[in-house]
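What follows is a short report on a single structure.
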Amino acid sequence: MFRLNSLSALAELAVGSRWYHGGSQPIQIRRRLMMVAFLGASAVTASTGLLWKRAHAESPPCVDNLKSDIGDKGKNKDEGDVCNHEKKTADLAPHPEEKKKKRSGFRDRKVMEYENRIRAYSTPDKIFRYFATLKVINEPGEAEVFMTPEDFVRSITPNEKQPEHLGLDQYIIKRFDGKKISQEREKFADEGSIFYTLGECGLISFSDYIFLTTVLSTPQRNFEIAFKMFDLNGDGEVDMEEFEQVQSIIRSQTSMGMRHRDRPTTGNTLKSGLCSALTTYFFGADLKGKLTIKNFLEFQRKLQHDVLKLEFERHDPVDGRITERQFGGMLLAYSGVQSKKLTAMQRQLKKHFKEGKGLTFQEVENFFTFLKNINDVDTALSFYHMAGASLDKVTMQQVARTVAKVELSDHVCDVVFALFDCDGNGELSNKEFVSIMKQRLMRGLEKPKDMGFTRLMQAMWKCAQETAWDFALPKQ
């Protein structure tokens, strides 16, 4: 279809060109024809390329072909097939000898590239349906899809491959049994975790998924301003209705919120707060409690802590420590750095720490607390740079104590400088460091979830409107 449209457009341009060169039309018409020809060719080329990429990103059959083994092609994926649940669960549990991460093959890399495109460009509905792994069927026979906390972290972490035989609308089926499910709560979330408060087993519904991504992608300062705007009586508290307004406004400013559309056919619609376990958590069982900004920011801090803990545990720490290379991978996960440069940075890290002692979760958490104040850190580092002081490890530790009130260990600073000390002179490349760390802090959730085609066409139309009048006027 794109080829036919392109050929027809080029044919019309050729006819117009012959008419333009063969006649003696006024100068104004010729200039308009030149402008139309240029814009038409640019639009056809851009739309063909971008829509072709879009088709690849949105096409579900691709991953089915990639993730299906030859021997499994005849398997029945019926949603009511509960008999194979134990077998699927056993397949998903890693064996002790398989804990060491294998090197990704060609097929795995292609699957991860496809999943990264889903994370980057798909709607929240499709992302949720792809990375969720559980479908719970209640007693009346109605089914609802849920994410586990591990599924949630995987849905926002690049290059984390979905388990085999689970993908878009492919789930592990569970029959609802209140007693049995309450006994399985510890399988999904530790007691004291934010996820433990999310209803049954710490499972995440679609409404909770949208809310949690909104909390993770919104700076603390934005919530403080929103709470003050809707705190009409000035007592520092908001009720449930006011919180719904705060939540709706904040969500509409995020990339997830802007891309979401209710899909009744898939069951993924944003429900009101009355149905959310989070609303019960904030306002009590009778929903008549009050929520303060202090309590909400504490919830945000705990959520960030729990997500970071899950990321840490995914690396299978040995004696409570992960390797320096794994920590570097956590820092660069959302960087968007080109693959060649990323590989070079990881090799440099491996060269410096062939037999490193590793990092504890406390060291990792202290560094990410430091990153939460990255804007203030950027200002402080700029002051040091303008004053002519070198940005060495001692300076970074001083900035961490002053700005974030945390202590960075010497070993953490060694790892960071091994990544971002490009010329090996012991000084930090602060511009690249701050840029990558800002993306890491937001986990890529602030990026627009589109191919940029609409923005391109709007820019071209605006440019055409501004320049058309100049082309139409004859030169004096």
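Using N, Cα and C of the backbone, Cβ positions are placed for all residues, glycine too.
So that you can see what the record holds, here are the features copied from Swiss-Prot:
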type    : residues                               : note
BINDING : Asp231, Asn233, Asp235, Glu237, Glu242 : Ca(2+) 1 binding site
DOMAIN  : 218-253                                : domain 'EF-hand 1'
DOMAIN  : 408-443                                : domain 'EF-hand 2'
REGION  : 99-110                                 : region 'Polybasic region'
REGION  : 126-129                                : region 'K/R-ring'
REGION  : 259-263                                : region 'K/R-ring'
REGION  : 455-465                                : region 'C-helix region'
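The local packing around Glu237 (Ca(2+) 1 binding site), expressed as other Cβ atoms within 10 Å of its Cβ over all shown chains, amounts to 17. Other than the site residues Asp231, Asn233, Asp235, Glu237, Glu242, same-chain residues with C-beta atoms no more than 8 angstroms from the centre of those residues' C-beta atoms, the Ca(2+) 1 site, are Phe230, Leu232, Gly234, Gly236, Val238, Asp239, Lys290. The Cβ of Glu242 (Ca(2+) 1 binding site) has Phe230, Asp231, Leu232 as same-chain neighbours under 8 Å, each 6 or more residues away in sequence.
Within its own chain, Asp235 (Ca(2+) 1 binding site) has no residue 6 or more apart in sequence whose C-beta sits under 8 angstroms from its own.
Around the Cβ of Asn233 (Ca(2+) 1 binding site), the same chain contributes no residue under 8 angstroms that is 6 or more positions distant in sequence. According to its DSSP assignment, Glu242 (Ca(2+) 1 binding site) is helical. Counting every protein chain shown, the number of other Cβ atoms lying within 10 Å of the Cβ of Asp231 (Ca(2+) 1 binding site) is 16. In three-state terms derived from DSSP, Asp231 (Ca(2+) 1 binding site) belongs to neither a helical nor a strand segment and is classed as coil.
With helix defined as DSSP H, G or I and strand as E or B, the domain 'EF-hand 1' (218-253) counts 24 helix, 2 strand, 10 coil.
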